[in-house]
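Here's the structure, in structure tokens; my notes come after.
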Amino acid sequence: MLGATDIRRLAAELDVRPTKTLGQNFVIDGNTIRRIVAAAGVGPGETVLEVGPGLGSLTLGLLDAADRVVAIEIDPKLAGRLAQTVREFRPERADSLDVVLADALKVTELPHAPAALVANLPYNVAVPVVLHLFEHFPSLEHGLVMVQEEVADRLCAGPGSKTYGIPSVKAAWYADMRKAGVIGMNVFWPAPKIHSGLVSFRRQEPPRTTATREQVFAVVDAAFAQRRKTLRAALAGWAGGAARAEAALVAAGVDPQARGERLDVAQFARIAEAGEAARA
Ligand code: SAM
């Protein structure tokens, strides 16, 4: 396990100056790492995908719990040092690590199919990274991510709640998302100004529909772009007029005067299906 002193030594050696743009806040507290690994529930037979291994504190914890870790890191200095850090601290696990130097938003292939995702995500791209990985790696069955607390609330929100929005509906297309805890600021170096939230997830089947994911997500984007409007008005652009939007909503069994924040992902799928059927 890497402690605060190890992290600072590694950072100094590499001349790493953590940047906000890359969301570089490194965990310096061993208990937090143990808590994340335990809550993630990864097992001995599993390959775990980690996004943003940074200086390696979570990577080392994951190597103790799982069979293999595939780590995607965008910063060449950090990616270049990771294997050596593992050789220093866990030489017996060095062969169980794959480092991929890449932007996680662009990765569509990995050396091993991951069963789990466990990551302290770069906060500014956390939601797109999670959605991208769900889409491109169907082998991902479960996992745990650490994100800004507010983003954790959004990812886990259900219809009708204040934080329910585009990330909540799109994440629900792929998985059952649950908030699994809150992490304070002082376990990081440098310390962020906000709390972090843990989100655990388990893959679930998307709603049964003849509409494609893209078609469903287009309805979601349109509905929340004008959150305060009724669905009849908000979906007018998508449907080619308010009357057509109303017809699709009625066909989907959704009240045209309702707002998007009240609908679950299955209802969005029904609207997309009705809209596409009317277009055909
Ligand atoms: N896992 C480490 C820890 O917990 O101490 C570091 C976590 S830090 C919050 C986020 C990490 O993601 C950084 O190492 C950063 O360089 C990396 N990163 C940022 N954007 C990325 C991207 N698009 N793809 C892959 N890695 C990225």
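Cβ coordinates come from backbone N, Cα and C, glycine included.
Automated prediction, rather than curation, is the source of TrEMBL annotations.
The following features are taken from TrEMBL:
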- ASN25, VAL27, GLY52, GLU73, ASP103, ASN120: S-adenosyl-L-methionine binding site (BINDING)
- 32-205: domain 'Ribosomal RNA adenine methylase transferase N-terminal' (DOMAIN)
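The maximal spread of the S-adenosyl-L-methionine binding site, taken as the longest Cα to Cα distance among ASN25, VAL27, GLY52, GLU73, ASP103, ASN120, is 21 Å. For the binding-site residues listed here (GLU73, ASP103), the lowest count of other CB atoms within 10 A around the CB belongs to ASP103. Sorted by the number of other CB atoms within 10 A, the binding-site residues ASN25, ASN120 start with ASN25, the lowest. For GLY52 (S-adenosyl-L-methionine binding site), the number of other Cβ atoms no farther than 10 Å from its own Cβ, over all displayed protein chains, is 24.
Counting only residues at least six positions away in the same chain, the Cβ atoms of ILE33, SER57, LEU58, ASN120, VAL187, PHE188 sit under 8 Å from the Cβ of VAL27 (S-adenosyl-L-methionine binding site).
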